[in-house]
There are 2 protein chains.
Amino acid sequence: MRRPWHLLLGVAFGLASAFSCFLAGIYFQHSHATRQLQQLIQQDVYAYYISPKIFAVFSFFSVANETSNNMQRIMKYGFPGLDDVRLYSDFVLSYDRRNRVAHWVCEHLQLANLQGARGVGRAGATYRPDLSVPSNFRSTLADYKHSGFDRGHLAAAGNHREQQVHCNETFLLTNIAPQVGQGFNSGAWNKLEIYVRELTQNFGSVYVCTGPLFKPRAQGNRKWSVEYQMIGSSMVAVPTHFFKVIMVESRLPLGKPYMEAYVLPNAPIPDQSTLRDFLCDIREIEHFAGLHFFQGIRRSAIFGSNYPSESQVFRDFA
Amino acid sequence: MRRPWHLLLGVAFGLASAFSCFLAGIYFQHSHATRQLQQLIQQDVYAYYISPKIFAVFSFFSVANETSNNMQRIMKYGFPGLDDVRLYSDFVLSYDRRNRVAHWVCEHLQLANLQGARGVGRAGATYRPDLSVPSNFRSTLADYKHSGFDRGHLAAAGNHREQQVHCNETFLLTNIAPQVGQGFNSGAWNKLEIYVRELTQNFGSVYVCTGPLFKPRAQGNRKWSVEYQMIGSSMVAVPTHFFKVIMVESRLPLGKPYMEAYVLPNAPIPDQSTLRDFLCDIREIEHFAGLHFFQGIRRSAIFGSNYPSESQVFRDFA
């Protein structure tokens, strides 16, 4: 009866040492790969962008980190500017404390954002000031009241219907700018927002950057000047124009993204004009806004960015 | 002869162990203090500001880190804003890419900055564009040529005479804004710069924050609008006003700093007007500039900030 005992002990010992060697192997490989990965992430910006996902693959217990994933997902192609950047649940915004409207609002639209759950929508949302902005730089409901201007959305409410909180946050006044109502907010601007949703439905993944412009006008005698109204006691600037820079990701493997931009004057626009009339060179918007769009990707790698006079995607939509 | 050998060995051993215990004591105390310090620095913003100096006291080999010390020295009381912040050798600047002039320029003036070395001065300096600004957002010499406006300094050249490179950097076009020449740049604005240097001479340590304003004007019918000219093909904004926020540190132990602010219209100002006429409430500048000055210190801890209608320091200067 003694030998089986010894045998059992020997086998157990062998197994234990094998198992611990196995664990050591796992540990060695894990730390080796982690070190290699860390180097890659330090060298490559794209690896950095997806680093949480890479690490999630390697980790034994996965950690949910939705907030930072959201920021990385929406801002995948870079920040247009870095002044007072604010992260909301489904869009990212840069706030202009001098003019009390946003510099830019970035969104990443996928089918899930548009379709939304039952009962989610603007019915449950109310316009309200963003109390996280210091009171000296904050716009209020009173500023817009009797101003003659609409409270126009930059990130459209209809783009954020996945959760009610997403929709509610588009009604914060940081995401709102004074817009001409008749013929703009309820006219051409609305058409542009619908067009962006159609792009999302057809192509699945669209990046949109929206913001105000304060464009100079020729005064004759080769002089130029900027002029815009201020409303309310907080002095909220009324932009002369609004822009939307749109990047559509290709569905084809290794397909180039497609990029185009629109600038609409903040004024009544006749019904018979088409969106095509407002196509604009992205570099012109960058010059007047002081921003740089989608800098994470080389312009040469983008289809359409140098053809501002006609839209390639447009043919699909009549 | 054997006993002294043993004794010597015993003494040597005793000394060695005493010495290593001493070293261990040093090490223990050093690491303990460092840990305590680290905690303090994480809890207290002022401790953070002077942390390089504290660590220099504890380190065995001191490390010179002048650049970051400079930033910490000049920005001791906090950043007015964080848009495109740029560190120069003797001042810190935030750049407005949309208007192609600075948002603000911060300086810390001490006697050494003003007196300067032999031969240092504006004779050796030339206006030049700052090539670190992307070309799309950069102002150039051609923009100012034949514009009818002076290339006005924000950080005055006469404030940076300690080294020639300090003076040269004030001539970079990021530190320059279009100013009316006759009666402003060579008149009241110059007087204000001289006044700041007098304050420095009398009190030893002065913080100055200078920048442009684009102030709205009443258009009647309770409407307000902002209007300003743009010069050159890069479209450089001509500010309607310029501000200087000044903080004088007290020479008394635990004395409160003194703070006052001036706003001058970018227009010819009659010679008979005094600087006192242009004293301004700091909160008004903050509202129109979208900035927050010296936020590192509570307003209640500053003498004079709530008395914008008269200057306390002024009585010392006639």
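One-based numbering along the chain as shown.
The backbone N, Cα and C atoms fix where each Cβ goes, and this holds for glycine too.
TrEMBL: automatically predicted annotations, no manual curation.
Per TrEMBL, the features are:
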SIGNAL    A:1-18  signal peptide
DOMAIN    A:87-300  domain 'DNA/RNA non-specific endonuclease/pyrophosphatase/phosphodiesterase'
DOMAIN    A:88-300  domain 'ENPP1-3/EXOG-like endonuclease/phosphodiesterase'
ACT_SITE  A:H153  active site, proton acceptor
BINDING   A:N185  Mg(2+) binding site
* Asked: Where does A:N185 (Mg(2+) binding site) sit by DSSP, helix, strand or coil?
  -> helix
* Across all chains shown, how many C-beta atoms besides its own are within 10 angstroms of the C-beta of A:H153 (active site, proton acceptor)? -> 24
* State the count of C-beta atoms found within 10 angstroms of the C-beta of A:N185 (Mg(2+) binding site), not counting that atom itself. => 21
* Report, in whole Å, the straight Cα-to-Cα distance of the residue listed as 'active site, proton acceptor' from the residue listed as 'Mg(2+) binding site'. => 9
* DSSP three-state assignment for A:H153 (active site, proton acceptor) -> strand
* Asked: Any idea what the model's mean pLDDT is for the domain 'ENPP1-3/EXOG-like endonuclease/phosphodiesterase' (A:88-300)?
  -> 93
